[in-house]
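Peer 1: What TrEMBL records for 1-26, 350-374, 404-431 is region 'Disordered'. Marked as compositional bias 'Low complexity' by TrEMBL: 16-26. What TrEMBL records for 59-208 is domain 'Orc1-like AAA ATPase'. The coiled coil annotation in TrEMBL covers 155-186. Marked as domain 'ORC5 lid' by TrEMBL: 274-315. Residues or ranges marked as compositional bias 'Basic and acidic residues' by TrEMBL: 354-373.
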Amino acid sequence: MDKEKVSQTPKRMTRSSASSPTSTSNNAIAAKVNSLEPLTINDLLVGGDPISLDDIISNFPGRRNQILEIVRLLGPLNSPMLPLFVYGGPCTGKTSIILRLFRHLKRPLVYSSCRTCYNQGILFESILNQLFLHRKNAANGYANAKRCDRPSDFVNFLREALTNVINNLKEKSEKLVSNKMTQEKTGNMIYLVFDNFHLVKEWDKNSTILPLLFNLYDMLKMHEVGLIFISSTSADTFYSNMGYVEPIPVYFPDYTEGDIRQILLRNQANQKLYSSFLDVVLKSFYGITKQVGDLSAALKPLYEKYCEPLSDKGKGVAPDQQMRRRLLAHINPHIGPSLNEIFKVSSLSSTEVETQKEEKRKGNPRRLEKSEELGSLDFHMSTSSKYLLISAFLASRNPATLDASLFDSKGGSDNRKRKRKPSEKAMERKETLEEELLMKGPGTFPLERLLAIFQCLVSVGEDDEEPNNDGFGVEGGSGGLMSDVLLQLSSLCNANLIFKGRSCPIEGSTRYRSTISEDLALKVARSLKFPLSKYLYRNGISLECLK
């Protein structure tokens, strides 16, 4: 017995070290690392249980056309394909559908996200590690399969790795055919998927990496390789002077209200109760955001508040008409604050609003009456959306050449030196310019100019806030408001407050135009206490000077 015990313990190991939990855990980790089997060609397949095409279509409402179009472009087994450019807004199902389709088709792919691979070096190493079937661990010192600092080295290593993978796929296909297992064939194609491709524009040296990735199809000249780019922006935003094979675009539009209803109703214990809840709140929230993740997070606490009057037994039955009216009366006061919470917009209580109105009445009743007349809005809109709407209005009315002088560090034009009473000639000129502006209509502007004006106006609005005030309730100042500006712009376009035109063939970017009137712009500005007249010019004449 003693000899057996001694033989189980190494000679250089003491009794205390042998019984310590630290050494035991270290040995377990080392054994686990050493027991990892080397990667094979099957590791390039998307894991998970087999899934049918009908299941994919049913799991993604409103995406039937896009799913069938991608399947058609991928083609049958071993069919060459042109590069695909899948684009659409965030949370529209692009990445999930691509991965599930490859799981259904049982085809190998190399997936790389440009969010986690945040520079070209990490992106190159991620792709090569997957293609060379290399796993970083303690045994190899967590080293990469290949080290490449230059794009030319990446292309050479990529061609070498792809050749090895394609040869392995061909050998596997031949073995399956010889064994008469044709149903498990994966084919000879290998696909490179670049997710979050729009983030590459923010990288250093993006002017080099973007043409390289778009030209991979021409440089490799390997028909067994397919390229798929997934982006939140259209291909027009990647305009380049270098010639390359343009990828085939596949657009994923925003989910409709009916599609989002089907998605949210999924996995609900009482779908009839949740459907009555969506009848009350979904339309209001859908006008602000169409992202399923944001809606699900915002509606979850609101739904709990909606179910408060119900007992545990009542939560499992369908509500009748009387119960719906009771639940509506209970949830109605909480909808407004929840709407503001989506964009972290601070809202004042009713008592604070009445106090401010009383103070203004004591100060200047006539001015308050005019302000209330112009500043009242008939619809709800977040603070950031109001600033974006004003920015679009100014971009349509002001010449682009005056942006530098209007939105300087002082914030707008300094009208304190222009206190002279306008002459009759100036008044006549004002009427003439107004007639010309009415005939000409608002002008168009690119997205870059809109974002620049928006950032300037937000910074001016934050400077006007008191130090103790939370401002817009956003951490990080204007950066928080800028985070979802594209989503808010899409909502304003859907509401026909901003018109979205086609992309300009010369600039390669989409142009927009404000459709709101000056009265509505003044109402929005008054609700924000924003001096719109300081920033609005007509052929060099400020409205502040002509009033």
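Note that Cβ sites are derived from N, Cα and C of the backbone, with glycine treated the same way.
Because TrEMBL annotations are produced automatically, they should be read as predictions rather than curated entries.
Keep in mind that what you see is a predicted model, and the values were worked out from it rather than measured.
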Peer 1: Other than its close neighbours in sequence, what residues sit by the coiled coil (155-186), given a CB gap under 8 Å and a spacing of at least six beyond its ends?
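Peer 2: Those are 41, 44-45, 77, 106-108, 124, 127-128, 131-132, 145-146, 148, 212, 216, 219-220, 222, 224-225, in sequence order.
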Peer 1: Using DSSP, what is the helix/strand/coil residue split across the domain 'ORC5 lid' (274-315)?
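Peer 2: Residue counts in helix, strand and coil order: 30 helix, 0 strand, 12 coil.
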Peer 1: Taking DSSP states H, G and I as helix and E and B as strand, how many residues of the domain 'Orc1-like AAA ATPase' (59-208) are helix, strand and coil?
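Peer 2: Secondary-structure breakdown of the domain 'Orc1-like AAA ATPase' (59-208): 76 helix, 16 strand, 58 coil.
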Peer 1: Which whole number is the mean pLDDT over the domain 'ORC5 lid' (274-315)?
Peer 2: 83
